[in-house]
Amino acid sequence: MTHLFTMFFNKSVLSLVLIMTVSVLAVDARPATFLQDFRITWLDSHIRQLDGGRAIQLILDQNSGCGFASKSQYLFGRVSMKIKLIPGDSAGTVTAFYMNSDTDQVRDELDFEFLGNRSGQPYSVQTNVYAHGKGDREQRVNLWFDPAADCHTYSILWNHHHVVFSVDDVPIRVYKNNEAKGVPFPKFQPMGVYSTLWEADDWATRGGLEKIDWRKAPFYAYYKDFDIEGCPAPGPASCASNPSNWWEGSSYQQLDPVAARRYRWVRMNHMVYDYCTDKSRYPVTPPECLAGI
């Protein structure tokens, strides 16, 4: 009887340890709430936590917009968020999700900027890449769905080989590492993760022709499923160069055939602006465009 009790007790303890271990791993795998990984940088009263902090609401009115940032910076990895954009007449508003090195002189930055529009017109998403202080690499894509009807996943994959901007796992932009051809690539500075909701009716919609209709205010955007996987800085010096990081794996060094087909489909059917073909701004084609982006 004592032997059976000892076996039962030992098995129970082992089961409890396994359950506790799995629970800890599950908690560490993804932040449970917004405030675990992020902080409000701009106007607390305009960012509301929902669902126990697992989602947030951003507010833009005539008084102010708002913004938040990650508590840490990262060097390579992937960040993603599910965002539900402003419904209805959103002309003149910009909802931004981006990574930034927070350095004035030689800035690195990877941008998603969602440009509001008049009711019934498609939402445009503008992407931009700053590398070693040089930006002005805008591309715009009209989204092929209503991004205000539900949440959709927007992600930035950043490794030594390229930067990939994706919408629901469909790549909409690839910026390759062409350092060998003299094209700067962001790889030395860690970047934080940022988001803002703000008024930009001097340029956001039809080059500033469409202004915000404040009668429709306040404007709301919603975020959830904040996911950051990368090398935090400061951190182990070897992390950023570790080839065993999953985002550096061979399957993430180029688009697979399915992703490449989706990428071509977006570029052929939904791209509405590409700085590479804007001869008024760039009479001489930028070198990264010739090298392949």
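Note that Cβ sites are derived from N, Cα and C of the backbone, with glycine treated the same way.
What TrEMBL lists as signal peptide is 1-29. Among the features that TrEMBL reports, domain 'GH16' is placed at 28-223. Taken from TrEMBL, the feature active site, nucleophile applies to E109. According to TrEMBL, the feature active site, proton donor maps to E113. Annotated N-linked glycosylation site per TrEMBL: N117, in sequence order.
Averaged over the domain 'GH16' (28-223), the predicted model has a pLDDT of 94. Counted within 10 Å of its Cβ, the other Cβ atoms near the residue listed as 'active site, nucleophile' come to 20, all protein chains included. A C-beta separation below 8 Å, combined with a sequence spacing of at least six in one chain, links E113 (active site, proton donor) to V94, T95, A96, Y98, V125, Q126, T127, N128. If you measure from the Cα atom of E109 (active site, nucleophile) to that of the residue listed as 'N-linked glycosylation site', you get 25 Å. Counting every protein chain shown, the number of other Cβ atoms lying within 10 Å of the Cβ of N117 (N-linked glycosylation site) is 21.
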